[in-house]
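Record features (Swiss-Prot):
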DISULFID  CYS100-CYS192  disulfide bond
CARBOHYD  ASN8  N-linked glycosylation site
CARBOHYD  ASN268  N-linked glycosylation site
TOPO_DOM  1-28  topological domain 'Extracellular'
TOPO_DOM  50-57  topological domain 'Cytoplasmic'
TOPO_DOM  79-102  topological domain 'Extracellular'
TOPO_DOM  124-136  topological domain 'Cytoplasmic'
TOPO_DOM  158-199  topological domain 'Extracellular'
TOPO_DOM  221-240  topological domain 'Cytoplasmic'
TOPO_DOM  262-274  topological domain 'Extracellular'
TOPO_DOM  296-314  topological domain 'Cytoplasmic'
TRANSMEM  29-49  transmembrane segment
TRANSMEM  58-78  transmembrane segment
TRANSMEM  103-123  transmembrane segment
TRANSMEM  137-157  transmembrane segment
TRANSMEM  200-220  transmembrane segment
TRANSMEM  241-261  transmembrane segment
TRANSMEM  275-295  transmembrane segment
Amino acid sequence: MAFLEDGNHTAVTEFILLGLTDDPVLRVILFTIILCIYLVTVSGNLSTILLIRVSSQLHHPMYFFLSHVGSVDIGYSSSVTPNMLVNFLVEKHTIAYLGCGIQLSSAAFFGTAECFLLATMAYDRFVAICNPLLYSTKMSTQTCIQLVVGSYTGGILNASFAIISFFSFLFCGPNRINHFYCDFAPLVELSCSDINVSVVITTIFSASVTIITVFVIAISYTYILITILKMRSTEGRHKAFSTCTSYLTAVTLFYGTVTFIYVVPKSNYSTDQNKVASVFYIVVIPMLNPLIYSLRNNDIKGALKRQLGKKTFS
């Protein structure tokens with residue numbers, strides 16, 4: 001039952017997710033591709049996390065933060081992708097009212113936590129390259145733990161605002177969400193209640209997270225670039241550029257997509273373009289991150305070779 005009579009109002013008890021396409025052939029193709037991407041995402045990020053845990057040479061702040069980015073990527077993708085895969089296999093996919101709220105808050109939590117973790121990684125590289133003598137002091141174990149806890153706390157706050165906003169909405173019908181998951185904007189469009197304080201707070205907080213973290217990353221890498229250009233050692237400059245290039249590639253993909261989905265006015269692009277960008281943001285980027293960070297990182301490649309060598313000769 002999709003609707004429930006409550007006095008003078010009709011309340012929605014479930015939503016219909018329209019998904020990416022109605023073409024049955026295309027649905028099978030997309031199911032296969034996205035399933036493969038999801039399996040690579042989980043296995044790739046888990047492998048990176050385990051490698052960092054078991055390799056003593058990777059027990060440094062940068063890789064500590066990277067392991068948490070991997071955990072968040074798994075969580076973010078898992079909050080949406082399995083549900084999307086089910087959507088490809090059925091004619092009409094419904095999601096319960098409570099399930100929609102859980103999916104919305106989960107995506108808000110993991111997305112916000114990743115923003116803060118990426119900013120934390122930028123600060124870590126800033127200290128390592130611009131203030132190397134103070135690195136061990138400024139990036140102590142206690143500081144690293146506090147930064148990670150702060151990142152997750154930011155995620156919890158945004159998720160709390162999102163779920164409070166969701167439960168404050170009054171859905172009278174229709175209940176068809178033109179998306180493949182319960183995103184905030186489509187739900188606001190379906191709501192028949194007035195925009196309230198919780199919606200405004202959620203919007204302001206989400207925008208503030210994006211602006212603040214981008215500002216931290218931009219300032220950190222401006223100083224990093226200046227410091228690298230001043231380096232006399234060609235080898236040192238090359239190593240610093242190599243590490244920074246991997247990070248900046250991941251950040252550009254992440255924030256470029258976030259900007260397109262949540263910052264660019266909706267009138268500038270179609271709903272289908274928004275869906276494609278969301279697939280890239282939620283499904284593809286979590287798969288690419290371990291590849292981006294690993295392929296140009298000699299420490300990770302070296303640690304992987306050593307672990308594989310141990311397995312071969314054990």
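Please read every residue number as a count from 1 along the shown chain.
Glycine too: its Cβ is placed from the backbone N, Cα and C atoms.
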Near the transmembrane segment (103-123) in space but 6 or more residues beyond its ends, with Cβ under 8 Å, are 62, 65-66, 68-69, 72-73, 75-76, 79-80, 83, 95, 147-148, 150-152, 154-163, 166, 181-184, 187, 206, 209-210, 212-213, 216-217, 220-221, 247, 250-251, 254, 258, 282
Residues with Cβ closer than 8 Å to the Cβ of CYS192 (disulfide bond), same chain and 6+ apart in sequence?
LEU170, PHE171, CYS172, GLY173
Any contact, the transmembrane segment (29-49) to the transmembrane segment (241-261), with at least 3 Cβ pairs under 8 A
no
Same chain only, please: residues at least 6 beyond the ends of the topological domain 'Cytoplasmic' (50-57) with a C-beta under 8 Å from a C-beta of the stretch. Say none if there are none.
63-64, 66-67, 299-300, 302-304, 306-307
Residue counts for the topological domain 'Extracellular' (79-102) under DSSP, helix then strand then coil, are 17 helix, 4 strand, 3 coil
If we skip the immediate neighbours and take only residues 6+ beyond the ends of the topological domain 'Extracellular' (79-102), which ones have a Cβ under 8 Å from one of its Cβ atoms?
2, 12-17, 19-20, 27-28, 30-31, 34-35, 38, 41, 110, 163, 166-167, 171, 177, 180-182, 187, 282-283
